[in-house]
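*Asks:* Dropping a structure here in C-alpha cells format, bear with me for questions.
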Amino acid sequence: MSQREWIEKDFYKELGVSSDASADDIKKAYRKLARDLHPDANPGDTKAEERFKAVSEANAVLSDPAKKKEYDEARRLFASGGFGPGAGYSTGGGGFAGGGFDLGDLFGGGAAGGDGGLGDIFGGLFNRSGGRSASSTRPRRGSDVETETTLDFREAAQGVTVPLRLTSPSACTTCHGSGAKPGTSPRVCPRCNGTGVVSRNQGAFGFSEPCDDCRGTGSIIDEPCSDCHGNGVTNRTRTITVRVPSGVSDGQKIRLAGQGEAGLRGAPSGDLYVTVHVRPDKVFGRNGDDLTLVVPVSYGELVLGTTLSVPTLDGRVGVKVPAGTADGRILRVRGRGVPKRGGGAGDLLVTVKVAVPQKLDDPAIEALRTYLEAEKASGFDPRAGWAGA
Ligand SMILES: [Zn+2]
Ligand SMILES: [Zn+2]
C-alpha cells in the first residue's frame, strides 16, 4: 500500500467513530468490533478476517497517542494539499522528503519491510510466515565456524602464523558463489523486483512477506551451477593461514572476521573463531603480560650478590642480584615480558630460589663448618626475632 493510500484511509471510519472521538470511545468501539470479528468467532469467514485486520490496524494507530497525532497531522496536511504528488512525497522510500515528517516512523520502518510495527500485530494471529526480519530479505550471511589450535608457549607469547585446516561450506569455485551455471547469471526476481519481499494488500493495510518465487533472495537462477546445485556453496577442505597475535593465553578465543562459512549466493561470509590452547613451557610461566621465571641460585650468590644470565623470549638478559637478596625474592626486568598488542611488552619476573647441595666433598664441608663458626662470631643468628624461638 502506498503512503497516499494510507493517508487516504480513514481509520476513524474503520472503527465507526467520529474524528474527534475520545480515547475511551475509540477503545470501546475497537473492543466490540474485535470481539465480533475475531477469527475464533468466525471460523472460515475471510470477510470477517479482512475486517478484523483493518480494525486492528486502525486501532493500532488511533490507540497510540503519538501515532494518532502523526496520523491526524498527516491527514490534515494531505487534505490541505501540502503533500501533492509533486511535493516531495514518495512511495516506498519511507518519508516525505519535503515535509520534515516521516510516515515510515508510524510503522517502525520503511514501507517495504518494516520490522516490528504493525505487521507484528497480525503476524502471530494469522500464522503468517514469520521472519520479517531484515535478514530474510537479503541473501543469508554465512555461518560462523569454530575450530581450535595448539601453540607452543613462545609462539603464543610472541605471535605466530599457523595453518588451519577447515572443512566447511565455501563459495563454489565453479560459479564463484552466484549459483548460476558458468556463462549465465541470476536474474532479478520479477515478482519482488529483487527486494526479496512482496507486499500483499489486506484491507486497509499492506503486508510484507518473503517472496516465494525467489525464497527471499531477490534473484532467480534459471540454470543452476551443476557443482553446487544453485546454492553458490560447496563443501571443501581448505587450509588457511592465520596470524595469531602476540600475547594470546591458553583457552582464549580469537575471531577472524570473514573467514567462516561463505554466504549463500555471494552474501558475506561468517566469522571464524579459533580457540587457542597453549602448551606449557619448561622455563617460562605467564602472568598476564608478565613472563615469569624461577632461577636456582646458591646461598653464597644471594649473600654476596651476582649477575645472573637468564633466558628471554628472544635471547638472554643479565639480571643483577644485589648483595643480601633474600631467597624467593622476585627481581623485575622491565619490558622483557610478553609483547602487548598496542606495542611495548610486559615485564620479566625473575624469582631467585636457593639450591641446597645434597653432596659436598670434604674440603667444602670443612670450609662450610669454618664459615658457620665465623658467621656466628659475626653475630648472625638465623632465628633471631623468630616468634617460634
Ligand atoms: Zn556453483
Ligand atoms: Zn522474489
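Each Cβ is built from the backbone N, Cα and C atoms, and glycine gets one as well.
Curation does not apply to TrEMBL; its annotations are automatic.
The Zn(2+) 1 binding site feature in TrEMBL is assigned to CYS172, CYS175, CYS225, CYS228. Annotated Zn(2+) 2 binding site per TrEMBL: CYS189, CYS192, CYS211, CYS214, in sequence order. The domain 'J' feature in TrEMBL is assigned to 10-75. Positions annotated as domain 'Cytochrome c' by TrEMBL: 154-376. Look at TrEMBL and you will find 159-237 tagged as domain 'CR-type'. Residues annotated as zinc finger in TrEMBL: 159-237.
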*Asks:* For each of the binding-site residues (CYS172, CYS175, CYS192, CYS225), count the other CB atoms lying within 10 A of its CB, then report the residue with the highest count.
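*Replies:* Result of the Cβ crowding comparison: CYS175.
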*Asks:* From the binding-site residues CYS189, CYS192, CYS211, CYS214, pick the residue whose C-alpha lies nearest to the C-alpha of CYS228 (Zn(2+) 1 binding site).
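*Replies:* Among CYS189, CYS192, CYS211, CYS214, CYS214.
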*Asks:* Can you tell me which of CYS175, CYS189, CYS214, CYS228, our binding-site residues, come within under 6 Å of ligand 2 at the Cβ?
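*Replies:* From CYS175, CYS189, CYS214, CYS228, counting a Cβ under 6 Å from ligand 2 as near, the near ones are CYS189, CYS214.
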*Asks:* At the Cα level, what's the spacing in Å between CYS214 (Zn(2+) 2 binding site) and CYS175 (Zn(2+) 1 binding site), rounded?
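*Replies:* The Cα atom of CYS214 (Zn(2+) 2 binding site) is 18 Å away from the Cα atom of CYS175 (Zn(2+) 1 binding site).
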*Asks:* Calculate the distance in Å between the alpha carbons (Cα) of CYS175 (Zn(2+) 1 binding site) and CYS189 (Zn(2+) 2 binding site), and round it to a whole number.
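*Replies:* If we compare the Cα positions of CYS175 (Zn(2+) 1 binding site) and CYS189 (Zn(2+) 2 binding site), the gap is 19 Å.
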*Asks:* Sequence gap of 6 or more, C-beta under 8 Å: which same-chain residues meet both conditions with respect to CYS211 (Zn(2+) 2 binding site)?
*Replies:* CYS189, ARG191, CYS192, THR195, GLY196, VAL197, VAL198, GLY218
*Asks:* Take the mean position of the Cβ atoms of CYS189, CYS192, CYS211, CYS214, the recorded Zn(2+) 2 site. Which other residues of that chain put their Cβ within 8 Å of it?
*Replies:* PRO190, ARG191, ASN193, GLY194, THR195, GLY196, VAL197, VAL198, ASP212, ASP213, ARG215, GLY216, THR217, GLY218, SER219, ILE220
*Asks:* Using CB under 6 Å from any atom of ligand 1, narrow the binding-site residues CYS189, CYS192, CYS211, CYS214, CYS225, CYS228 to the ones that qualify.
*Replies:* CYS225, CYS228
*Asks:* Count the other Cβ atoms sitting within 10 Å of the Cβ of CYS214 (Zn(2+) 2 binding site), across every protein chain shown.
*Replies:* 22
*Asks:* For the recorded Zn(2+) 1 site, whose residues are CYS172, CYS175, CYS225, CYS228, find every other residue on that chain with a C-beta no more than 8 angstroms from the centre of their C-beta atoms, and list them by sequence position.
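*Replies:* These residues sit around the Zn(2+) 1 site: THR173, THR174, HIS176, GLY177, SER178, GLY179, ALA180, PRO224, SER226, ASP227, HIS229, GLY230, ASN231, GLY232, VAL233, THR234.
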*Asks:* Quick one: give me the count of other CB atoms within 10 A of the CB of CYS189 (Zn(2+) 2 binding site).
*Replies:* 21
